[in-house]
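Student: Feature list, courtesy of Swiss-Prot:
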ACT_SITE  His40  active site, proton donor/acceptor
BINDING   His69, His71, His94  Zn(2+) binding site
BINDING   Thr174, His175  substrate binding site
DOMAIN    1-235  domain 'Alpha-carbonic anhydrase'
Amino acid sequence: GNKQSPVDIKSSEVKHDTSLKPFSVSYNPASAKEIINVGHSFHVNFEDDSQSVLKGGPLSDNYRLSQFHFHWGKTDDYGSEHTVDGAKFSAELHLVHWNSGKYPNIADSVSKADGLAIVAVFLKVGQANPKLQKVLDALSAVKTKGKKASFTNFDPSTLLPPSLDYWTYSGSLTHPPLHESVTWLICKDSISISSEQLAQFRSLLSNAEGEAAVPILHNNRPPQPLKGRTVKASF
């Protein structure tokens, strides 16, 4: 495809777009539903209700939060998917939303050009981040593929950086089926995670219970060619 993700954001080629508005999120902590080990990562899934919404920025419709997940790597210095001027980050958070203004459900929107919007946040190894603790504490309940556990009363906007300056471009899911249906909003500022916290991601297993243990050491896709696309900056 010609619109694959992730990409390397080259600041010298980014276009500052004065028409880009800030984006806003409003998440209902009670909408958080469950945490599940999907074999290549874990997802925190949200109830399908209109309580948790992303709007503004480059988007012309309201987008509803479906789930969030992380990408990480074998080492602390490279676990992100997107890179900035070639610089890598320790991990990357993806908050996945679907276009509820236009489509009836996420299954219908996942293959549409304007179907999904993903907010990405870089994590940089450093201080332990107490805001990640509730998520990390839940991982022991979903050690193996297919396991799920209740996970509620959590507002993922607490994981966003203080500044919501962002880059945006048209791209794809970074895991099969790789649909080219994503408007990406990538926060310029990162949040912190400690080396010990990162290690907890890698302790998750990609195998089902009772099978030989295979840890999920990395699940980050390398940057893909831009192929003529423009990355715009809100700042």
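Placement of Cβ uses the backbone N, Cα and C atoms for every residue, glycine included.
A quick note: this is a predicted structure, and the numbers were derived from the prediction, not measured.
For the listed features, I'd like the structural context: burial, neighbours, distances.
Tutor: According to DSSP, His40 (active site, proton donor/acceptor) sits in a coil region rather than a helix or strand.
DSSP gives His71 (Zn(2+) binding site) a strand state.
Thr174 (substrate binding site) carries neither a helix nor a strand DSSP state and counts as coil.
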Student: If the Zn(2+) site is taken as the center of the Cβ atoms of His69, His71, His94, which further residues of that chain fall within 8 Å of it by their Cβ?
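Tutor: Leaving out the recorded residues gives Ser41, Phe68, Phe70, Glu81, Glu92, Leu93, Ala120, Thr174, Asn219.
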Student: Using DSSP and three states only, what is His94 (Zn(2+) binding site)?
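Tutor: Strand, per DSSP.
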Student: What are the non-local neighbours of His69 (Zn(2+) binding site), defined as same-chain residues 6+ apart in sequence with CB under 8 A from its CB?
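Tutor: For His69 (Zn(2+) binding site), the qualifying residues are Val38, Ser41, Phe42, His43, Val44, Leu93, His94, Val96.
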